[in-house]
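> I am attaching a structure below and will ask some questions about it afterwards.
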Amino acid sequence: MAKPAVFLDRDGVINVDHGYVHDEHDFQFIEGVFEATAALQRMGYLLVLVTNQSGIARGKFSEERFISLTQWMDWNFADNGVEFDGIYYCPHHAEHGIGQYKEECDCRKPKPGMFLSARDFLNIDMANSVMVGDKAEDMMAAEAAGVGTKILVRTGKPITEQGEALATVVLDSIRDVPHYLLRVKK
């Protein structure tokens, strides 16, 4: 039986977006992220990370460095009782990529490739799933993948009119997501 998921962008949702974050010393968790994700898991949602990482494509850091940071991040969540069900990332950029990463792909948001891969692998009920992101591209990818609820948070990039128009709701941060979902899913 398909299960609903909460899809989470990384930079601006899980951590403060300092621009091309690739080192543990620059990785600052958003306040309340561990409590919020633990609550979402208790509510029965799968947790799936979906993140564009054009810093890899641009040569700002290696894919290995990203994977190492992601493992460190994942361990921090595990230490706080939270397990990700899936971690998906796009290392490509069609314009600014170099070498093998200069590619027009289906995984880079606003395209829905990461969402569809997660749906197929984890048997996700997309209509009852949620996207939490900080940009219009997050909302566009979620819409294209059939995600039912799209939440834009103010902890990342400035909210645009386009992002706000595509979102179901705009909240201050991920820490507000469980309370919102409990209110609307009653």
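Here the Cβ of each residue, glycine as well, is placed from N, Cα and C on the backbone.
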> Asp9, Arg10, Asp11, Asp17, His18, Gly19, Tyr20, Thr51, Asn52, Gln53, Ser54, Arg108, Lys109 bind substrate according to Swiss-Prot; which of Lys135, Lys150, Lys185 goes with them?
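Site partner of Asp9, Arg10, Asp11, Asp17, His18, Gly19, Tyr20, Thr51, Asn52, Gln53, Ser54, Arg108, Lys109 for substrate, according to Swiss-Prot: Lys135.
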> Tell me, in order along the sequence, which recorded positions from Asp11, His92, Asp134 have their CA within 10 Å of Tyr20 (substrate binding site).
Asp11
> How many Å lie between the Cα of His92 (Zn(2+) binding site) and the Cα of Lys109 (substrate binding site)?
10
> Just to be sure I understand: of Thr51, Asn52, Cys105, Asp134, which recorded positions have a C-alpha no more than 10 angstroms from the C-alpha of Asp9 (active site, nucleophile)?
Thr51, Asn52, Asp134
